[in-house]
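Accompanying notes for the structure given below.
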């Protein structure tokens, strides 16, 4: 079934709409993972402003919420638990104090407990997929997780790296861009959305899966579950406790807004058009 | 392509969320204060807001045009626990407090005012009195099936001959052996065409005047109970409103709610709480109207700039936001007093009065901000205007609210 046009439509939509920080990492990944892990990402929906010193975007006072792909990942994990295929769902997020709210949303959807990996200040500003995957890998070993489910990418930086890096660090198989996943004993059948269409693979557990748009439709947190979430525990952990160095290997040189759209020029004839294009060196 | 469009539309709706989030940023220290809601309440407010934005707002205009009861959405809200917020978990409810309920109704009404009133009537006017005055047996029979969204209830107090004058109920209830026989007509009953039960108020002792009114539980449909034609209303058209006609309607003696002669008291106490639900609905409508106007002020250009730059528009938006915020704080305060089991009658009346007048004011100004666009169905402003109007009338007219407030004030200053 040839679905590349649909996949491209979704992919391009994200790049223009989701990447409001204009291609620069502005929020850290806040992977939510668990014993069947969920990836949670901080994302803002407010108008993004570049900081005056051009080192990033303004994040002060900006409300953060769960990355939509991570919501889908949480939903998938909870569905597995409801089918009694997994025992426990643990939601994890990396970041400052505010991420606890996002973890609690995952708990309200049905996750059993949460882990908050505290990263704040300068460390948080430079937190990227590599550090997050290291944290992920360390936690997965510590928690003896069998399955890590993340959103395929964060819609603030669109890196699309954390899942893949985590799998590599753990030397686990990975099923990325999953639009369908079925647990069959100790193997996972994953249908992946790729440019050529749909690819079905079978991977052995433990494994990493990244969730794509069509994997499921996340549920609304019900009021009784919100009440229950209050009693669920969120553990606090520091990257150092996991032996992870969050120092970044990347240095952001500058962050700029995209250039203002210039007014077009009207021409009378096709010859004029070709002439102008030649002038601009485009032809 | 439709399957590709559907999921991506979720992203659009999530992205569109920005103005909704911006409009409700609260500052202050956490805790049970008016400055910032507790985390639990913030979460449940968010889930209702997400639901309203994704599931209600896109269909609200069509529901209004078709006068269609949102049965599917009511079931989904039931599954979320929103149809029975205050009902304890043991009876199938969400077991949350009244503040949570008010937040839920406001957020849902922001998406669709009709759905807001359907939720409000079920919670406050139907489940409310049974929860408070019902026997354990009655609670199991009349509450639990109405928590899931599969069934909704209604509240039959008003009559063609009396609305504000509730004490003059002319519907009669006569005992005949081991049955009550009800006869009379009730008017303006919200939800009745979609309801599976009603709380009905009828006179059991005419000589005792308002102390001779009792409350009864009647299943629907039921022999002897018929419905009048659905009213063709100005607004909240997706919720049904009609007369309930009782002709020789027999019900078991066990269907009396509370004690004989307690009806008026039950009605008044129920309405005290119910009016907070309506205040919340009015807030939701007002907020939706403000959302519409503020968004338009950013986009519409005139005299060379977005109209939001003009002072005339700015003053309007400021007054609109002020009216909403003031009414919201009054509503929250009244709900918190009720949750703390303190007297809240005066505060509830103030909240309902402020919120309903805010709704009519804000929706009026929203049309003004939109100009010609506010007058056509392409924009939701005209629907908010039509939906807002009823909030000043039902569950206690603005005039009655003023009397309630005045009576309380005079009592406070008693010589």
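Just so it is clear, glycine is given a Cβ too, placed from its N, Cα and C backbone atoms.
Note that the structure is a prediction, hence the values are computed from the model and not measured.
According to TrEMBL, the features are:
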type   : residues  : note
DOMAIN : B:39-150  : domain 'Acyl-CoA dehydrogenase/oxidase N-terminal'
DOMAIN : B:154-249 : domain 'Acyl-CoA oxidase/dehydrogenase middle'
DOMAIN : B:261-409 : domain 'Acyl-CoA dehydrogenase/oxidase C-terminal'
Within the domain 'Acyl-CoA dehydrogenase/oxidase N-terminal' (B:39-150), residues counted as helix, strand or coil by DSSP: 89 helix, 0 strand, 23 coil
Model confidence over the domain 'Acyl-CoA oxidase/dehydrogenase middle' (B:154-249) (mean pLDDT, whole number): 95
Residues in the domain 'Acyl-CoA oxidase/dehydrogenase middle' (B:154-249) grouped by DSSP into helix, strand and remaining coil: 13 helix, 51 strand, 32 coil
